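A short worksheet on the structure shown next.
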Amino acid sequence: MTQLHFDNRLRQQLPGYQEEGARRREVRAAWSAVMPTPVAAPYLIAHSAEMAHVLGLDASEVASAAFAQVFGGNALYPGMQPWAVNYGGHQFGHWAGQLGDGRAISLGEAIGIDGGRYELQLKGAGPTPYSRGADGRAVLRSSIREFLCSESMHHLGVPTTRALSLVGTGDAVVRDMFYDGRPQREPGAIVCRVAPSFIRFGNFELPSARGDNALLRQWVDFTIARDFPELVGTAEALYADWFAQVCQRTAVMVAHWMRVGFVHGVMNTDNMSILGLTIDYGPYGWVDDYDPDWTPNTTDAQGRRYRFGTQPQVAYWNLGRLAQAVAPLFADQAPLQQGLNRFRDTYLACDRRDTAAKLGLAECRDEDLELIDALRALMRDAEMDMTLTFRGLIDLSPVHPDPAQLHDAFYDDHKRVASASQLQEWLQRYAARLQQDALSPDERRALMRLANPRYVLRNYLAQQAIDQAEQGDPSGVQELLEVMRRPYDDQSGRAAFAARRPEWARDRAGCSMLSCSS
């Protein structure tokens with residue numbers, strides 16, 4: 001039997017409801033005890049060997065029937081004390097009231113072999129007191145997407161929650177994928193998500209909205225003590241340092257999203273991690289042909305609130321809602337504005353750093369921001385693939401820049417021909433800038449390879465793996481996981497995983513637009 005060590009500080013140190021199973025319309029506590037609902041026949045589809053190692057789980061344990069039972073929701077390891085957390089949130093700009101973990105159940109806080117804290121959370125393990133009448137289950141397609149994206153983002157260097165395992169349940173789940181009145185039975189699955197903390201902005205918003213300043217203060221004090229132990233001080237000064245840290249981490253996270261072309265799709269405040277981690281992988285996507293107005297979320301198709309280009313502004317707005325929530329703990333609101341300013345300053349610094357790295361420059365001058373903006377405008381107008389364009393610049397000659405280097409980045413031959421002179425003009429500007437730069441050609445290429453991935457988890461790649469898995473073949477999931485472990489390396493025999501989106505996937509469900517149905 002695996003001997004994981006759990007201390008479960010959240011459950012021990014914050015007020016909650018101990019009795020299991022009851023569904024409540026309104027919960028005035030931080031958490032509620034709840035047991036996963038057993039499934040028919042749990043079986044392991046895929047797992048992260050790296051995450052298992054950090055937790056101290058060896059290969060034989062992961063391959064055991066007991067592992068599938070535990071992470072399929074049918075059993076517990078000693079020390080696990082399952083709970084679901086209570087929170088609220090702003091959804092699409094409007095206060096939604098109490099939400100909570102509707103289908104996420106935390107098993108416990110494990111201490112890894114590295115001394116780190118790892119909360120293990122099952123998504124899709126059945127109803128909780130916060131399910132609001134839903135079944136608390138998840139389908140295979142959404143579970144595959146969450147599992148793969150969690151690990152892919154980690155290896156891209158983007159702050160993120162992780163995934164330990166993907167377990168099939170042997171049960172069917174009924175879902176209306178596009179909310180069009182045509183529900184279908186789909187295979188069920190459960191992902192075990194892993195993070196130092198799953199605390200969200202909404203954990204602070206809910207007690208604040210209810211005027212429960214005592215619980216609000218408990219949440220803040222607990223979060224600082226457990227998750228920000230490096231912060232020292234007392235009273236408002238400590239709270240101000242903490243809020244500024246949250247703002248800074250959020251800025252770093254979003255800057256990475258913009259660097260790799262990731263679109264979260266549903267940046268509600270209940271989907272914002274207090275640690276600045278990417279959390280809740282639902283209708284996400286990667287930008288294929290560059291379009292700052294693109295969103296993968298069908299629910300957001302009309303308003304496009306969460307489109308790619310507005311993600312930094314949305315993050316700032318969300319931090320403003322967090323500032324409002326914790327304002328009762330401050331006599332003076334100035335420290336909160338200073339924290340919001342930290343977000344702005346950090347994001348701008350990250351943007352300059354990433355601009356230099358993506359273009360292979362020793363430093364980012366003001367005119368370099370204009371240079372990359374001109375490239376983005378060209379990519380948008382000429383329908384060029386973001387990932388392939390930046391990757392294609394790596395081997396460009398600063399002496400004789402050849403537009404053919406970017407041939408594969410175009411989705412439309414007519415637009416490629418029409419934009420040829422603009423592209424040549426931009427390449428000449430870029431080549432001239434490279435000749436002024438202090439980096440050697442080898443240094444430039446090395447820098448660019450670490451900033452511009454060769455492989456990203458394009459929606460069509462994930463959908464192909466889903467199609468296979470739904471037919472009983474998990475090999476596509478496992479191969480994608482392996483490819484995405486080294487996203488910056490040129491991998492022999494895997495050129496197909498770096499190809500631009502094929503035409504058949506342009507408008508196919510799951511490849512272009514996705515819903516929140518999962």
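Note that Cβ sites are derived from N, Cα and C of the backbone, with glycine treated the same way.
What Swiss-Prot annotates here:
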{"type": "BINDING", "residues": "Gly100, Gly102, Arg103, Lys123, Asp135, Gly136, Arg193, Arg200, Asp280", "note": "ATP binding site"}
{"type": "ACT_SITE", "residues": "Asp270", "note": "active site, proton acceptor"}
{"type": "BINDING", "residues": "Asn271, Asp280", "note": "Mg(2+) binding site"}
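For Asp270 (active site, proton acceptor), the count of additional Cβ atoms within 10 Å of its Cβ stands at 23 [all protein chains shown]. Across the structure, Asp280 (ATP binding site) and the residue listed as 'active site, proton acceptor' are spaced 9 Å apart at their Cα atoms. Annotation note: Arg193 (ATP binding site) sits in a strand segment as assigned by DSSP. For Gly100 (ATP binding site) paired with Asp270 (active site, proton acceptor), the C-alpha to C-alpha distance reads 9 Å. Within 10 Å of the C-beta of Arg103 (ATP binding site) there are 21 other C-beta atoms, taking all protein chains into account. In the three-state DSSP reading, the residue listed as 'active site, proton acceptor' counts as helix. Look at the Cβ of each of the binding-site residues Asp135, Asp280 and count the other Cβ atoms within 10 Å; the largest number goes with Asp280. Note: Arg193 (ATP binding site) has non-local neighbours Ala104, Leu120, Gln121, Leu122, Lys123, Glu146, Ser150, Thr161, Arg162, Ala163, Leu164, i.e. same-chain residues 6+ apart with C-beta under 8 A of its own C-beta.
Neighbours of Asn271 (Mg(2+) binding site), defined as other CB atoms within 10 A of its CB across all chains, total 21.
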